[in-house]
Structures are given as C-alpha cells and as structure tokens.
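Following: one structure in structure tokens, then a few remarks.
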Amino acid sequence: MAEGGASKGGGEEPGKLPEPAEEESQVLRGTGHCKWFNVRMGFGFISMINREGSPLDIPVDVFVHQSKLFMEGFRSLKEGEPVEFTFKKSSKGLESIRVTGPGGSPCLGSERRPKGKTLQKRKPKGDRCYNCGGLDHHAKECSLPPQPKKCHYCQSIMHMVANCPHKNVAQPPASSQGRQEAESQPCTSTLPREVGGGHGCTSPPFPQEARAEISERSGRSPQEASSTKSSIAPEEQSKKGPSVQKRKKT
C-alpha cells in the first residue's frame, strides 16, 4: 500500500516538472504593425507579419494591452505603427508580453486621448464663488462666513438683480422702445377722417377747393353734395338691411 502510494506520488511529480519548460518555450518573438488600438479601453491588436525571423504568408492577430507597451506617459499605439514584440499562446489566443518600437526603442503612441477624461476637467472660465464673488474657489470652499444676498449685476446689497436700477437703465425693454417711438411719431395722414377711414388722427380742415373739385367730378355742387350727405346719414343710422338699399335706389 505504501509502495503503491509512493509510486503514485512519484508519477505526479515527473508530470509537473515539464510545465515551466513548456511555458518558457511558448515565449516567441515577432514583428508587425498595429492593426487597431482603442485608447479609451486600453487594448488592441497587432498584425504580426514575421514570426521568429520567418515571414508569414497571412498576417496573424496578436492581442496587446497598454500595460505591455514600452513607452513613457500615456501608453497607446497608433494605427499602422511598426512594433517588435514577444508573445505567448494562451487559452484566449496569442497575447503579447512586451511591445517596443523597431530595435527596442519606445513606442510612438497615438495622438488621440480618451474623451471622457477631458470632459471631466472643470473649465475655470466663468466659475466664481457665489458667497464672496471670488474667482479662485467655489462657495463650498469659501473661508468667509455666509454673506448677505446681493445683486449679481452691480454687487449691491440694497436690492436684487430683478429690481436693479442700473440694469433697467442700461437695457430698456424692447416693448417700451417701440411704444415710445410710436408715440413720438406724429400722424402723417393728410386725408380727413371721413375719407381716410378713421385712423384716430386729427386731420386738418378739408379745404373748400378740394370739396369743389370732388363735387365737380361727381357732377354735383358742393352744397348739393353736403345736403345729400346730411339727409342720407340719419336715415342710414335709423334703418338697416334692405330698407337702406331701397332708400338709396329711390
């Protein structure tokens, strides 16, 4: 029993010894160029065209993570950038171990940067403390005690921005401007209210010569025209509808 157990244990040990040798033999060298690289996610693929000094007929994709890149600063690869690398075979496929530029130089990297990091930065323009008005901090970081409310336009504590006299003088409302212009312009109508249609303007007295000219065109004298108009006016006011038309015909 003891011998069998020893022999069984001795059988497992020889099987475990070759594993490090197999891992070491899997580390290979290759050259190629960056196929694509996602700067936000931090990974991409290398298109390997040469393996252990022998060219490949068909390029092979090798996974690359930014932690494997040999360079300073923000680590990334530019599409089409030539690289040299060591890689191994894993359960997921070929993975790079160390990636450098040609001749072991640092990688160049991509000019692109993640958009999320730039959006997170606060823009200093327009930021100010709502407590004291300072530009170098915000209200939650203000060292002064709570200050009284004041007008945001002229910084006065006597009124709020809605009642600021300086703002109202500087920017008069458009409606008041239009109303003032309409009131300032005199009525330019030269026709009397009877002829012009009642614009609400006081027209100058109608000259006698113009009345005579109008009556001559209509074939009546000024007296007849005025008398006819005065006789028809009360009848039109007292009667409506078809009766008015009958009166005009007769």
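Just so you know, glycine gets a Cβ as well, placed from its N, Cα and C.
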Out of SER7, SER110, SER227, SER231, report back the residue that Swiss-Prot marks as phosphoserine. SER110
How far is it from SER105 (phosphoserine) to CYS154 (Zn(2+) 2 binding site), counting Cα to Cα, in Å? 61
Out of CYS151, CYS154, CYS164, the listed binding-site residues, fewest other Cβ atoms within 10 Å surround the Cβ of CYS154
Are there residues at least six beyond either end of the zinc finger (127-144) with Cβ under 8 Å to its Cβ atoms? List them, or say none. 155
Select the closest residue to CYS151 (Zn(2+) 2 binding site) from the following modified residues, measuring between CA atoms: SER54, SER96, SER110. SER110
Which of SER54, SER96, SER105, SER110, all modified residues, has a Cβ with the fewest other Cβ atoms inside 10 Å: SER54
